[in-house]
Amino acid sequence: MISAAQLLDELMGRDRNLAPDEKRSNVRWDHESVCKYYLCGFCPAELFTNTRSDLGPCEKIHDENLRKQYEKSSRFMKVGYERDFLRYLQSLLAEVERRIRRGHARLALSQNQQSSGAAGPTGKNEEKIQVLTDKIDVLLQQIEELGSEGKVEEAQGMMKLVEQLKEERELLRSTTSTIESFAAQEKQMEVCEVCGAFLIVGDAQSRVDDHLMGKQHMGYAKIKATVEELKEKLRKRTEEPDRDERLKKEKQEREEREKEREREREERERKRRREEEEREKERARDRERRKRSRSRSRHSSRTSDRRCSRSRDHKRSRSRDRRRSRSRDRRRSRSHDRSERKHRSRSRDRRRSKSRDRKSYKHRSKSRDREQDRKSKEKEKKGSDDKKSSVKSSSREKQSEDTNPESKESDTKNEVNGTSEDIKSEGDTQSN
């Protein structure tokens, strides 16, 4: 009844007898009523039903859904069910191994008994047969002697005795052959190395196939394969923590190396920043020094420019006054000369006036060119003063001061040239 109920539970579920409105029982895979061997793969009690190795019915729950839940859970192969299952299967294999050893021992013992038992009776029968043969030969000789002597009745009695001895000898020979045939049949047995059952050597193939496809043989074969598979899984499972620990250590070492490299990188970056800040400060100081030197040079150049411009303006005003006075004098002299020289021809006056105009134009153009050259030189000197350092500013001032006398000389020369030209022009007019 229990096995039938379990079969119905597997087919229809444990709540098969509940009404639709009744509450169903929700059993977890870790409940005590659940077969842990079934969760790990199969229940060994289901393998050997109605066989010599029957383990009896399993009273716990066998549910495929619970096994799937266990396989999907985070505690899969971590609770210890697989190790218990492996120990139970190994105990079953140890039992069948003992059975196989006992079978081999029985075969060896029976073979020894057969060999010793067959040798003993056979030897005794041979001896009896040999004794009977000797007696028969002796009796036959006696019968011949009695027949030659004419003792027929005695010879016939001995002949009957010889017949009895021959029958006894044949009986002994037949028993010996029977024992040998039985011994030969006993030697053809062997033990199955999987389930421990006795097999006949050279038996029909159908009977061999029936044995290989039987529950007992297939059950123990499945147990052996499952044991090897579980050993491999558990070995890998035990190696995984070691590997995880090793990988964790390697990861920690890598992180430490990365942190060390990061610290070194940050140290180099800080050092580089400090050096950059120092260089920037040095550049700022250099710029400040250059600005100061430029300001000093600009101040000195401006003062020198002011002095030069003042001297130039003074000279220009003086030269302008001189030119104005000369021009007035010339106009006066010309008007006087015109009044005095009315008799001269107008053409000659025109030519002379043209020559004077040309000379005055040339003089003005030369003075204009000299003024432009002087301005360009001053601009070049200002640019060079801005580029040079403050140390050379004093030398530039000296050079600018040295150049002032030259300009004065040039101005004086121009003035002298102008006066000389004016004098020449007046002389020409007077000579005319």
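Note: Cβ is positioned from N, Cα and C throughout, glycine not excepted.
Note that this is a predicted model, so its numbers are computed, not measured.
The feature coiled coil is assigned by Swiss-Prot to 124-181.
The compositional bias 'Basic and acidic residues' feature in Swiss-Prot is assigned to 234-287 (among others).
Residues annotated as compositional bias 'Basic residues' in Swiss-Prot: 288-301 (among others).
If you look up Swiss-Prot, you'll see 302-311 (among others) marked as compositional bias 'Basic and acidic residues'.
The feature compositional bias 'Basic residues' is assigned by Swiss-Prot to 312-367 (among others).
Per Swiss-Prot, compositional bias 'Basic and acidic residues' is recorded for 368-414 (among others).
If you look up Swiss-Prot, you'll see 421-432 (among others) marked as compositional bias 'Basic and acidic residues'.
Residues or ranges marked as SUMO2 cross-link in Swiss-Prot: LYS424.
Residues or ranges marked as SUMO1 cross-link in Swiss-Prot (evidence: similarity to another entry): LYS424.
Sequence annotations record features per position, and here Swiss-Prot assigns N-acetylmethionine to MET1.
Annotated phosphoserine per Swiss-Prot: SER3 (among others), in sequence order, evidence recorded as similarity to another entry.
Under the heading phosphoserine, Swiss-Prot lists SER110 (among others), citing similarity to another entry as support. Its Cβ taken as reference, SER110 (phosphoserine) is surrounded by 15 other Cβ atoms within 10 Å in the chains shown. Annotation note: SER110 (phosphoserine) sits in a helical segment as assigned by DSSP.
The phosphoserine annotation in Swiss-Prot covers SER115 (among others).
Summarising the annotation, Swiss-Prot assigns N6-acetyllysine to LYS231. Under the DSSP three-state reduction, LYS231 (N6-acetyllysine) is assigned to helix.
Per Swiss-Prot, the feature phosphoserine maps to SER420 (among others); the stated evidence is a large-scale study or a structure entry.
Feature annotation from Swiss-Prot assigns phosphoserine to SER425 (among others).
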Completion exercise
Neighbouring CB atoms within 10 angstroms of the CB of LYS231 (N6-acetyllysine), all protein chains considered, total 12
Completion exercise
SER110 (phosphoserine) to LYS231 (N6-acetyllysine), Cα to Cα, whole Å, comes out at 38
Fill in the blank from the handout: When pLDDT is averaged across the coiled coil (124-181), the result is 78
